[in-house]
């Protein structure tokens, strides 16, 4: 059965010079299809700052949701410090992790933020702190309920609870870093075909629907308004172009560049508009759990052990193992999705291993700073890349710097908590929808009519959604008699994306099937095989340079011990054949299928930067 190729009409980023250019638009299937002129050259700094601000708004939505849900689950008590400082420490660790990830990690423009996998394990860890009262009503079976009465004892303050969660985050980071240094992600990723990646992306998109609905229900009018504006800006007005004067020295013929402003700013414009409207209507109220009894400081330097050092207990060790496994599964899915959205080759093994090891380093830093959330590649931010159809390392670096600035000023970080909860829910709803659709669009690469594949897809998705709901609504909590084992099993069995990835991986690699049926070719996940086959050899090799280490660090590869050589490209990798860094003007034609040369004015703009 013939299948049509993906729509490649997207902005993309290749290399550290951030040369952006779209693929040539396909033949229109209907008269309503729009396209816009190619953009060749570096991003103007003004536009880069606006795009970075959009990423920060999406990240702030995810951070506020995670912190709010975690603090609401804690026992009665309070923090001895401002919750804004807790939020600021998370911003700081996410900023450092983002810069490290885009500089010498996977090298993809991935924003690092706490994923829901950290939140699920943290909620399991904190919820089991409350003592349990066993009731035997009549002849019915045993029922265990949380004891909240005055006779219950052992209720701890928030500080102690968050200490143990921070300890779990440190354990998670150490385990992730170890897996990355040993090269485990690089060995696993080539075996993750579309029947592993697609169910994982579908479940990742669906896993947050409960939280999104919870926040949208605070005011459905505002939530629907922000969703409507995001849809209109990104889709209906996506082809509208505006001539923008770039903030750089260039020739007179290249002073104006057409940009699809509504599509590129399809998050910032709706959020700003609805935020202002809600302020006039009086809906901009800081949640009580994120409000501070005293004013947060303007300037504050996060440092380890300021409040208390992370608490390492057997329960924290169990929760950390669950966090590491689930966050690693989520991050590998993010690598695949980001590469596909930007029409890049698949991340090579060394890039996956470096990316996961540096994510582990970011989680260790977050835990030492007292943050209850680790760092991982953010699905909502990748969904935002797919929504605006643009990605850039330059923008990702700016995001990291902005987050570090927010981490140094808790008062500014607290300002982002004034975003109305319905707006937060609307933003996450649209970005998660993009991740969900990307998962569905990956099924066509395999033979989805095969009975084998139908079973794998259906079983992976359904079980990944069934088990967490089952354990969440079970009248009797999972109990083995040993609390750390209970935390580990309960955490793993309530992680939807981990369950989807694990079941898909096991079934895909154990049930017999042909390469064509599984959608695999030449040892690469078929998500990328078709697009890579359409690339000429030279652009393919140059596009692979995206995953290269920075040029100064490449010289250190011969000095790296043999067990850690998995973090460096092999000598025969295409990215190392030509040596040295690419010239800026060579980056404009690195995109697959971009056979049309850039306008002469754009090339002059490149040369003017030297």
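Note: Cβ is positioned from N, Cα and C throughout, glycine not excepted.
Range 395-413 is the one annotated as transmembrane segment, of 376-394, 395-413, 509-527, 528-546 (source: TrEMBL). Between the stretches 1-30, 31-60, TrEMBL puts its region 'Disordered' entry on 1-30.
Fewer than three CB pairs closer than 8 A are found between the transmembrane segment (453-471) and the transmembrane segment (264-286), and contact between the two stretches is not assigned (pairs 6 or more residues apart). Residues 47, 50-51, 53-54, 57-58, 219, 222, 225-226, 229-230, 233-234, 238, 384, 387-388, 390, 414, 417-420, 422-423, 426-427 of the same chain lie 6+ residues outside the transmembrane segment (264-286) yet bring a C-beta within less than 8 angstroms of a C-beta in it. Here the transmembrane segment (220-238) has long-range neighbours at 34, 260, 262-263, 265-267, 269-271, 273-274, 277-278, 283, 387-388, 420, 422-423, 425-427, 429-430, meaning same-chain residues at least 6 beyond its ends whose C-beta is under 8 angstroms from one of its own.
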